[in-house]
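Enquirer: The following block contains the structure, expressed as structure tokens.
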Amino acid sequence: MTNTRGSNSATSASTTNSQGVLMVGPNFKVGKKIGCGNFGELRLGKNLYNNEHVAIKLEPMKSKAPQLHLEYRFYKLLGQAEGLPQVHYFGPCGKYNALVMELLGHSLEDLFDLCDRHFSLKTVAMVAMQLIRRIEYVHTKHLIYRDVKPENFLIGRYSTRKQHVLHIIDFGLAKEYIDCDTGKHIAYREHKSLTGTARYMSINTHLGKEQSRRDDLEALGHMFMYFLRGSLPWQGLKADTLKERYQKIGDTKRQTAVEVLCEGFPDEFAQYLRYARRLDFFETPDYDFCYNLFKSVLDRLGATYDYEFDWTPKLNNVSTPSGSLHTSESKDVKRTDRGELKVSQAAAHAQFGSTQVINSNAGEVVEESRNTEGRTAAGDNSSGEVKCCCFRRRRRKHNNATPATQK
């Protein structure tokens, strides 16, 4: 990892240079805003040493719930490994703390939209195999992730060697499950407030139980079924308050049998969810068993892990836009006719995370997706439009009454 901690000196800390350009550290130029959230904003940046674009996460120093420094510490703990974004710098930037990171490509949620909200068995199996290894690595560093959702898994930038690698980003909700002082597993507790994304979080999380490694795996299983079905049975539930909605989501998860959730799909998906839900709080998961479940799905399909995902031909068929940046750069970053940089929603998701909602029970963070509960369920947004303070895009309307037909 090439990250460095910025000092408080005038020479190394972020300043406005003689040309009036805002800088982070000695060589990172701060550009336009491409994303925002409750705890700060995301800026496009540029490394003036090599002209590569970066993502710069900014958090006010006076934030009431600072998390950027903790996220930076977790990235240092994780180090350099496949599927983790490279961190270049952490330090002050005026009234902000700044985290400078590798700019990645599209999120799985963006790619899901690109594929008309349907992934094939082959694609989901390959995604599952990568993400199980990714979560396994995080767990080996004594961290639990606690923020599984499609927006937090990104491919590398287009036309680079990382374009088929799924990266795990946004460790603002991660937690050490091994006590640093004692070297022992954290204690089992109940009556915890919700932390994570309601759509994907485990049943035990809804029940207020302390999270451990098992909960990351169960949340992955819910996300895999989301990709296969197109939606989950607990999406689009209405309630007067967020607390009541989370309660309804949890109740529906408990009432939906695994066999019903996974009906029409290979039994390995049901086996995986049953396994994750039966794990003990302290238990080390058998990651190889989980990985091989999805490898067997590929084997029965007569397929190999060839990195040919459903989105691959769709991205390959995207023509290079007029006036775009150098062809080796991501198609996320483009130039308008005026020469201004324009970044897609995928790039804005990268390394940033989503809007957070504080649960009134205890003040821990409940992670919501960018739009509503996890996301507005397909087909129940009457306007068909997704909005936030930075983006507006049109979405096709879909029916979510039945799972997508697997071909």
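Yeah, the Cβs are placed from backbone N, Cα and C, and that goes for glycine too.
If you look up Swiss-Prot, you'll see Asp147 marked as active site, proton acceptor. Taken from Swiss-Prot, the feature ATP binding site covers Ile34, Gly35, Cys36, Gly37, Asn38, Phe39, Gly40, Glu41, Leu42, Lys57, and the record attributes it to sequence analysis. The compositional bias 'Basic and acidic residues' annotation in Swiss-Prot covers 328-339. Feature annotation from Swiss-Prot assigns domain 'Protein kinase' to 28-298; the stated evidence is sequence analysis. The region 'Disordered' annotation in Swiss-Prot covers 319-339, 359-384. Under the heading region 'Putative palmitoylation signal', Swiss-Prot lists 386-394, citing an author's statement as support.
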Enquirer: Compute the C-alpha separation of Cys36 (ATP binding site) from the residue listed as 'active site, proton acceptor', stating it in Å without decimals.
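Expert: That comes out at 18 Å between the alpha carbons.
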Enquirer: Reported as an integer number of Å, what is the Cα distance between the residue listed as 'active site, proton acceptor' and Gly40 (ATP binding site)?
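Expert: If we compare the Cα positions of the residue listed as 'active site, proton acceptor' and Gly40 (ATP binding site), the gap is 18 Å.
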Enquirer: Identify, in sequence order, the residues in the chain of Gly40 (ATP binding site) that are 6 or more apart from it along the sequence and have a CB within less than 8 Å of its CB; answer 'none' if there are none.
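Expert: Long-range Cβ contacts: Lys57, Leu58, Glu59, Pro60, Ser63, Leu68, Tyr96.
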Enquirer: With every protein chain in view, what's the tally of Cβ atoms within 10 Å of the Cβ of Ile34 (ATP binding site), excluding that atom itself?
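Expert: So the number of other Cβ atoms within 10 Å of Ile34 (ATP binding site) is 27.
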Enquirer: Which one, from the recorded positions Cys36, Leu42, Asp147, has the smallest tally of other C-beta atoms lying within 10 Å of its C-beta?
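Expert: Fewest other Cβ atoms within 10 Å, among the recorded positions Cys36, Leu42, Asp147, is found for Cys36.
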Enquirer: Can you tell me the three-state DSSP label for Leu42 (ATP binding site)?
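Expert: Note: Leu42 (ATP binding site) is in a strand by DSSP.
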Enquirer: Please compute the mean pLDDT of the model over the domain 'Protein kinase' (28-298).
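Expert: For the domain 'Protein kinase' (28-298), the model's average pLDDT rounds to 96.
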